[in-house]
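Heads up, the thing below is written out as structure tokens.
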Amino acid sequence: MNNKYKSGFAAVIGRPNVGKSTLINSLIGQKIVIMSDKPQTTRNKITCVMTEENMQVVFIDTPGIHKPMHKLGEHMVNAAQNTLKEVDVILFVIDATEKIGGGERYIMKQLQATNKPIILLINKIDLLDKGRILPIIAAYQAEYKKICEEEGSKSKTSNKFSTVIPISAKEKDNLPELLKELNTALPEGPQYFPEDMVTDQPERLIVAELIREKVLLSTRDEVPHAIAVDVEEMTTRQNKDVYIRATIYVERDSQKRIVIGAKGSLLKQIGASSRADIQNLLGSKIYLDLWVKVKKDWRDRERLLKELGFND
Ligand SMILES: Nc1nc2c(ncn2[C@@H]2O[C@H](COP(=O)(O)OP(=O)(O)OP(=O)(O)O)[C@@H](O)[C@H]2O)c(=O)[nH]1
């Protein structure tokens with residue numbers, strides 16, 4: 001029956017750290033979405049395109065929905081809420097090893113207002129005994145029903161998830177089931193993007209995300225999320241080598257000292273590992289010129305947010 005070509009948009013929603021980036025990477029098979037052990041690292045909406053024989057899915061990797069705390073938080077929340085209105089299907093990812101908490105309830109409150117099909121993905125099942133999965137599914141279904149009733153859900157859909165699939169994004173368990181459900185949920189449509197296209201984000205933004213990931217990984221907890229990376233120049237030389245100049249923005253002098261490290265040692269390390277990843281991504285030899293600058297309270301400056309690409 002399903003032999004018509006399908007295409008459309010799928011939003012990936014979930015609390016920070018539940019595995020959204022890992023899921024997209026597993027599905028698309030290339031490292032393009034920032035991954036780190038720190039929560040809330042996915043700030044840009046990176047759109048990935050997955051082209052299969054029977055469908056093309058454009059994944060919107062939303063920033064984790066959470067309550068606004070400062071301006072940057074508001075941007076993230078707005079981006080995620082707008083995304084919900086534009087898509088054909090919503091993937092709600094939860095971490096099976098964590099109890100349902102305020103974060104999940106907050107998201108479910110927003111989901112009940114949409115009339116889009118919602119696929120609940122119970123992620124990280126590789127960390128659980130099989131017997132523990134069914135009670136988790138039941139708990140989520142009961143909680144969602146309760147929230148829909150409390151909110152007097154006006155949506156046309158029933159107060160149920162369309163489908164629930166236990167998965168392991170890391171081990172790629174049950175991902176074929178997910179593809180099947182996506183195919184059912186998507187409307188008939190053309191292949192919008194060329195087959196070899198994986199993301200529609202400009203390369204500069206991806207390069208900035210890769211560098212940002214390296215800074216977060218190498219500084220551990222010493223430099224919080226108060227960093228941004230701006231790729232100021234990216235030029236391909238005649239011999240096809242690529243020259244990249246990028247600036248890491250921090251909020252305080254002390255953070256600048258940490259990122260640079262003793263005699264520049266940490267910055268060198270960040271540069272080396274970033275270069276390796278970027279080389280992999282672009283397939284060319286990379287010259288990376290990295291700078292660190294202090295911009296105080298940059299999180300609350302609208303203009304700067306725009307400059308750095310957080311402009312929706
Ligand atoms: N064991 C296990 N770990 C997983 C799985 N999926 C993700 N993880 C781990 O969970 C952590 C967070 O994963 P991410 O993919 O960065 O999470 P995210 O939801 O994109 O996080 P934000 O970008 O902060 O919103 C990483 O350490 C992943 O390796 C899984 O299926 N099993």
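One is the number of the first residue shown, and numbering goes on along the chain from there.
Glycine too: its Cβ is placed from the backbone N, Cα and C atoms.
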**Prompt:** Of 61-64, 149-152, which range does TrEMBL call region 'G3'?
**Reply:** 61-64
**Item:** Annotated range (TrEMBL: region 'G4') out of 103-106, 123-126, 283-286
**Value:** 123-126
**Request:** From the ranges 40-44, 235-239, grab the one TrEMBL calls region 'G2'.
**Result:** 40-44
**Asked** Is any of N17, K20, I125 (binding-site residues) within Cβ reach of ligand 1, i.e. under 6 A, and which?
**Response** N17, K20
**I125 (GTP binding site): tally of other CB atoms within 10 A of its CB** = 23
**Message:** For the region 'G4' (123-126), how many residues does DSSP put in helix, in strand and in coil?
**Reply:** 2 helix, 1 strand, 1 coil
**Request:** On the DSSP side of things, how many residues of the region 'G1' (14-21) fall into helix, strand and coil, could you say?
**Result:** 2 helix, 0 strand, 6 coil
